[in-house]
Amino acid sequence: MKQLTGAQIRQMFLDFFKEKGHAIEPSASLVPHEDPSLLWINSGVATLKKYFDGRVIPQNPRITNAQKSIRTNDIENVGKTARHHTFFEMLGNFSIGDYFKEEAITWAWEFLTSDKWIGFDKELLSVTIHPEDEEAFTIWHEKIGVPKERIIRLEENFWDIGEGPSGPNTEIFYDRGEAYGNDPSDPELYPGGENERYLEVWNLVFSQFNHNPDGSYTPLPKKNIDTGMGLERMTSIVQNVPTNFDTDLFMPMIGATESISGEKYRSGDAEKDMAFKVIADHIRTVTFAVGDGALPSNEGRGYVLRRLLRRAVRYAKKLNMNRPFMYELVPVVGEVMKDFYPEVLEKKDFIAKVVKNEEERFHETLHDGEAILAEVIAKAKEEKTTVISGVDAFRLYDTYGFPVELTEEYAEEAGMTVDHAGFEAEMEKQRERARAARQDVDSMQVQGGVLGEIKVASEFVGYGTVATESNVVALVKNGEYTDSLQAGEEGQLMLDVTPFYAESGGQIADSGYLLTDGVKVLVKDVQKAPNGQNLHKVVVEEGVLTKDATVKAVIDTKNRSSIVKNHTATHLLHQALKDVLGTHVNQAGSLVTAERLRFDFSHFGQVQADELEKIERIVNEKIWESIDVEISQKAIEEAKEMGAMALFGEKYGDVVRVVQVGDYSLELCGGCHVDNTASIGIFKIVAESGIGAGTRRIEAVTGKAAYELMNDQVSLLKEAAGKMKTNPKDILTRVDGLFAEVKQLQKENESLAAKLSNIEAGNLTDAVVSVDGINVLATKVNVADMNNLRTMMDDLKNKLESAVIVLAAVNDDKVNILAGVTKDLVGQGYHAGKLVKEVASRCGGGGGGRPDMAQAGGKNPAQVDEALAFVQEYVKSVSK
């Protein structure tokens, strides 16, 4: 068997099947752009479904690929077992109605055993087949020459996911030798059993039947081949190492973690080994996922990334790493994978920035969680219980992102346990709340009453017209059918033809009037009815509106004009965000009204002022270029091939509406737009903010609203200049002068504060007491913040030379605590970090730090004196 790297095995596989007439399909993005309902690409065949289901005919029916994949159904097993991963590569060869079993089996054997390729010893290979698959048995035994005793028949060798294509499969196993199992009484020690000796190398699926709705199976007219070989597992066999983690696909990340942590992999500590494995696996997943456009967040694929990073940070604590470090591994992943995935190194700076940002956020959360947990433990001790309630554990998890496993570790240190059943009960309550929230989405109560019974058609013609003659085909009042609405009454109605746009895709509904002889009806809102028609919410202002009446339906054109300006502007904004911030930006929500637009998007940090200026400039330049906006109907596949942006979670039909702004923007959209960007006039960003981790929001105005906003800003500038007794053009110079004056005054104030602190520190030396021969000072002081506490601490250390000091200051019902230990006493075992943690816990807080200096916070000022009294107890305990 050859000595090969993981990269060489990958390339060798693709080269082999290229020689056999296969087209190499590029590895697709982990974010499945062609299937918005799928969270991740999770297999080699996932990106080829369009070929297997007949939607697209491949140019070559023989395909091979090396597909990056993510599976997260068993995250908790990663690191515990030899081969569980969240990110992996699947090597595969596929036949779309071309070759079948004989070629698939023959080529698999050739690749594995030929000296030109992998060069496995044939005697170490065994295969499994379905008991009724005599064709596979004949090929394996008579053509390939595998002895009968190494062909195992297993009932589970049948690939079936319910209705649709299905068929038997054959798996190839490699015998790693007696070192991995030699107990003849082990019932699982056989190819296909649960053991470490016989490892599955390759799975060949023969899709030859259709599983019918009645449970029967009938032969497929065109038979397919779908195979899968896990690169990581194959590499572990070729490199003769005990686990996938010991291959060159993982060891560089493990080695880098060793250097950062100072700990050693495979040092005999199973917990530390698991930590190394978790970190190596999870950084691969996060690196590739972020590179493909996913960002940490609280839902969907972003939540998966957040969970993986937090799990890695938790395990890093076992390696004594309490700072952000995962981001340092990103370029290491890039180097390992650069031969086949050069884009990772190209994007490494961006990916590392995202990872570091998320790590820093979680370390802040951990600190907050530790403080809350200290309160929970103290409360439990007061109540004389040794169990942390499920409610408290869930609050730590849900509010502070505090893993329950970490809560358990702290509880164990305090001689306590966690109520797991209570925790799971709280988790289930949250799931129920989420399920209920998802079901409660019927705006205007359009899902209730008789509306679901209305099947009459209603055609929307509002893209091309603003007024039309229509018939009232359904009239509803208080959830029931009615024949008429009187003046002053409200109701809901449907028209056979309507120019009124129903709220959808972030665009609000049109408003306007229905007019006929002596009747005037205000259309206040329009929503989609249960069966898809436009449902108009109306109030009769004059006359009596009757069912079957013929009316003139007229939208408010001034209102619509403002709406379409803002809607087209969101498309320009979306593309400008991608241009300036990066291709990871994706729409996360929008609101388009007549007054303003709001656009939510994925991004890991605040958008900087200069970036906002660039974004605004780009949008305005596209407006001033007077670009035509073209709208067309396209087949979904054609639209995607054109590069049209689709939204995650949206369901699209076979034919979609494509909105194209020149060669700049291309999106699938059902909304209303301007004919030319010049109609927008001007675009002005009003605000940028964060609305959740990984999601930002931009609010903006266009046209007249933008002009009025800028006019107001100019007026404000003039008013400010007047108050500063200067001209608007000189206001910056005036402000700079004022800042310089303030800075000088602050400097003088700080100097006075330092002198006062020094005087107070001198007075405090009288409060020093001797405890077992150690100078101890534990007292409250009157200072404004932690900086002044540090200054005072430095003065006291210099004056006392040898002492244990704890200072506490109360401001705005909060307690700042600072502990200091002089160098000579640090050497005797006194530790400021441990001391301040204990003191803070006694006044409702937490903290920590170095042996010589540490800080903490507390929430109960009334308990400060009691907390400070503990300092003498601590000194006595150490001096014993």
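One is the number of the first residue shown, and numbering goes on along the chain from there.
Heads up, the Cβ atoms here are built off N, Cα and C, so glycines get one too.
Annotated Zn(2+) binding site per Swiss-Prot: HIS567, HIS571, CYS669, HIS673, in sequence order, evidence recorded as sequence analysis. There are 25 other CB atoms within 10 A of the CB of HIS567 (Zn(2+) binding site), with all protein chains counted. DSSP classifies HIS567 (Zn(2+) binding site) as helix under the three-state reduction.
Apart from the site residues HIS567, HIS571, CYS669, HIS673, the chain places the Cβ of VAL564, THR568, THR570, VAL629, VAL659, GLU667, GLY671, CYS672 no farther than 8 Å from the centroid of the site's Cβ atoms, the recorded Zn(2+) location. Contacts of HIS571 (Zn(2+) binding site) defined by a Cβ separation under 8 A and a same-chain sequence distance of 6+ are given as VAL659, VAL661, SER665, GLU667, CYS669, HIS673, in order along the sequence. In the structure as shown, the Cβ atom of CYS669 (Zn(2+) binding site) sits within 10 Å of 24 other Cβ atoms. Look at CYS669 (Zn(2+) binding site): DSSP puts it in coil.
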